[in-house]
Amino acid sequence: MPRLVNGREAAPTYSNLVGFIFIFNLIVGTGALTLPGVFARAGWMLSLIVIVLLAIISYMTVTFIIEAMACANAIRNWQTLQALRQSRSSAENSENDDNADDVSLASGAEQVGDFERVPLTIQNREFHYYQLSHKFELGEMATLFFNEFGRVMFYLCLIVYLYGDLSIYSAAVARSLRDVVCDQTNGTDTNNLMYWPGDFENNTSLACWKEHTISRLNMYRVLLIGFTLIFGPFVYFNVQKTKYLQMLTAAFRWMAFTLMICISLKLLISRGAKGHPATFNVYGIPSLFGACVYSFMCHHSLPSLLAPIRHKSMVSKILSIDYIIICAFYILLAMTGIFAFERIEDLYTLDFLPYDVAYVDFWSGLLICIDYFLALFPIFTLSTSFPIVAITLKNNLQSLFLDMSQYESYSVILRLCFPLLAIIPPFCITYFTESLSSLVAFTGTYAGTGIQYIIPVFLVYFARRTCSELLGSGVVNRFKSPFKSSAWLVFVFIWSILCVCLVSINLFS
């Protein structure tokens with residue numbers, strides 16, 4: 001018997017185009033900036049094959065999330081209908097009371113209101129049981145369909161992913177600031193690039209400025225401490241990414257991506273290919289797999305974007321178009337970069353720093369401004385996202401370890417510990433490593449595989465089984481995944497396990 005789902009008001013709706021844009025912006029993020037580097041390391045042909053294959057499998061598991069969410073709505077509607085039937089039965093049994101007329105009128109009014117909120121009829125039950133009108137987050141679906149062990153494993157997987165997310169954000173901001181502040185000639189040192197993963201050790205001896213003794217590593221750590229001290233305290237407050245901030249961030253993001261692609265194409269046309277990446281390089285698979293999984297990650301936030309879409313029947317089509325365009329965009333961004341530049345930084349924006357460029361006229365000055373905008377672009381976007389992700393992590397830690405229904409009964413000291421638990425581990429990780437490729441590889445391969453592959457498989461499996469027991473097989477789920485055979489579930493599960501094993505062997509051998 002599933003847990004009772006509380007009713008909630010429906011969210012405001014938006015058009016299919018707005019939903020398309022929101023989902024597009026959700027998927028395309030920091031991971032895209034790491035793709036050129038991993039493409040260069042793994043080889044262009046191998047990278048093409050892997051990213052297309054992972055895009056298809058990621059879309060497959062997204063359809064599992066949609067189906068599971070529709071099943072959660074069906075269970076909610078079923079529970080509400082049972083409650084209405086019990087209410088009607090109780091009203092009929094109370095007809096012999098002294099206030100039978102008043103009770104019947106009040107009960108009838110309540111039933112009318114409940115039926116208005118749940119448009120469920122016997123004649124049209126196949127259409128109304130399965131909906132996407134009410135938002136069910138992954139945590140709610142895990143609580144609904146999983147047992148206690150499954151719920152704990154879900155939260156652990158999500159928490160590890162969010163820790164990785166914060167570590168990537170911190171390292172990306174600190175590295176971007178360091179490479180902008182320090183002498184740019186040192187920024188091109190081959191020991192600090194994707195091809196040489198030992199950059200952390202070399203930055204210990206490389207000076208940030210020729211006339212000073214502070215090393216690039218120490219400058220990175222100073223900037224990391226400053227970033228954490230400035231944005232870390234926001235985790236104690238209820239900070240939200242407003243619509244206007246989201247629109248501004250999206251505008252900056254697309255301006256930056258467009259400029260990067262245009263500059264790379266211009267360099268390819270004007271001076272030819274400077275980069276000569278390999279065709280296949282199996283040693284680049286760990287970073288490639290992790291970055292691709294990380295770049296297609298949207299599953300943990302997708303339900304909140306699906307519920308407000310006005311025409312729910314178009315959800316699958318919107319997502320399929322999103323995935324096709326995003327995959328093509330990733331390939332264009334990475335392929336132009338690996339052939340336009342001789343060497344690729346693991347954060348692609350750092351390849352656009354104005355090395356040895358002098359200001360001589362308006363156009364050279366404009367080019368320098370564009371280069372600095374691209375180099376500083378991750379700092380703005382990730383700084384605005386850092387507090388939101390940290391607050392999400394804090395809330396999930398509290399949900400895992402505390403009884404949120406009795407939250408106010410816990411001591412203030414205990415409640416103040418959770419924001420620190422959200423901030424300190426990512427800081428410690430990035431203090432001792434600045435390798436974005438390693439952070440992305442680990443986060444995408446392990447926690448990302450759990451959230452993007454394994455959790456959707458188990459969610460849709462238990463959702464199908466629960467709905468079959470409650471509603472029977474005669475009620476059709478119009479949001480059912482096109483990959484409805486159980487063989488697809490087995491395939492995705494085996495695929496994810498094999499990938500994690502192979503990546504682990506390559507990563508630690």
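Each residue, glycine too, has its Cβ placed from N, Cα and C.
If you look up Swiss-Prot, you'll see N186 (among others) marked as N-linked glycosylation site.
Feature annotation from Swiss-Prot assigns N-linked glycosylation site to N202 (among others); the stated evidence is sequence analysis.
The N-linked glycosylation site annotation in Swiss-Prot covers N203 (among others), and the record cites sequence analysis as its basis.
Summarising the annotation, Swiss-Prot assigns topological domain 'Cytoplasmic' to 1-19 (among others). Taken together, the residues of the topological domain 'Cytoplasmic' (1-19) have an average pLDDT of 62.
Annotation source Swiss-Prot lists topological domain 'Extracellular' at 41-45 (among others), citing sequence analysis. Residues 194-195, 277-285, 287-288, 335, 338, 437 of the same chain lie 6+ residues outside the topological domain 'Extracellular' (41-45) yet bring a C-beta within less than 8 angstroms of a C-beta in it.
Feature annotation from Swiss-Prot assigns topological domain 'Cytoplasmic' to 67-151 (among others).
Taken from Swiss-Prot, the feature topological domain 'Extracellular' covers 173-218 (among others).
Swiss-Prot lists 240-248 (among others) with the feature topological domain 'Cytoplasmic'.
Marked as topological domain 'Extracellular' by Swiss-Prot on the basis of sequence analysis: 270-277 (among others). Through the fold, the topological domain 'Extracellular' (270-277) approaches residues 39-40, 43-44, 337-344 of its own chain, all at least 6 residues removed from its boundaries and within a Cβ separation under 8 Å.
Among the features that Swiss-Prot reports, topological domain 'Cytoplasmic' is placed at 299-320 (among others). Helix first, then strand, then coil: DSSP counts for the topological domain 'Cytoplasmic' (299-320) stand at 14 helix, 1 strand, 7 coil.
Taken from Swiss-Prot, the feature topological domain 'Extracellular' applies to 342-361 (among others), supported by sequence analysis.
Residues or ranges marked as topological domain 'Cytoplasmic' in Swiss-Prot (evidence: sequence analysis): 383-411 (among others). Sequence-distant contacts of the topological domain 'Cytoplasmic' (383-411) (same chain, at least 6 residues past either end, Cβ-Cβ under 8 Å): 139, 152, 155-156, 158-159, 162-163, 165-166, 169-170, 173, 227, 231-232, 234-235, 238-241, 245, 249, 418-419, 421-423.
Among the features that Swiss-Prot reports, topological domain 'Extracellular' is placed at 433-439 (among others).
As annotated by Swiss-Prot, topological domain 'Cytoplasmic' applies to 461-487 (among others). Outside the topological domain 'Cytoplasmic' (461-487), and at least 6 residues removed from its termini, the chain residues within Cβ reach (under 8 Å) are 2, 60, 63-64, 66-72, 74-75, 78, 125-127, 129-130, 132, 141, 145-146, 312-313, 315-316.
Sequence annotations record features per position, and here Swiss-Prot assigns transmembrane segment to 20-40 (among others).
What Swiss-Prot lists as transmembrane segment is 46-66 (among others).
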**Q.** Recorded stretch, among 46-66, 219-239, 278-298, 362-382, 440-460, maximising Cβ pairs under 8 Å relative to the transmembrane segment (152-172)
**A.** 440-460
Q | Composition by DSSP (helix, strand, coil) of residues within the topological domain 'Extracellular' (270-277) | A | 2 helix, 0 strand, 6 coil
Q.
Can you break down the topological domain 'Extracellular' (41-45) into helix, strand and coil residue counts using DSSP?
A. 4 helix, 0 strand, 1 coil
Q: Considering only the recorded stretches 249-269, 278-298, 321-341, 412-432, 440-460, state which has the highest number of Cβ pairs under 8 Å to the transmembrane segment (488-508).
A: 440-460
Q) Going along the chain, which residues at least six beyond the ends of the transmembrane segment (440-460) come within the CB cut-off of under 8 Å? A) 31, 34, 38, 57-58, 61-62, 64-65, 67-68, 71, 138, 141-142, 145-146, 150, 154, 157-158, 160-161, 163-165, 167-168, 286-287, 289-297, 299-300, 481, 489, 492-493, 495-496, 499-500, 503-504, 507
Q. Do any residues of this chain, six or more beyond the ends of the transmembrane segment (321-341), have a C-beta under 8 angstroms from a C-beta of it, and if so which?
A. 20, 23-24, 27-28, 32, 35-36, 39-40, 44, 47-48, 51-52, 55, 58-59, 62, 257, 260-261, 263-265, 267-268, 273-275, 277, 295-296, 348, 351
Q) Taking 20-40, 219-239, 249-269, 278-298, 362-382 as candidates, which has the most Cβ pairs under 8 Å with the transmembrane segment (412-432)? A) 219-239
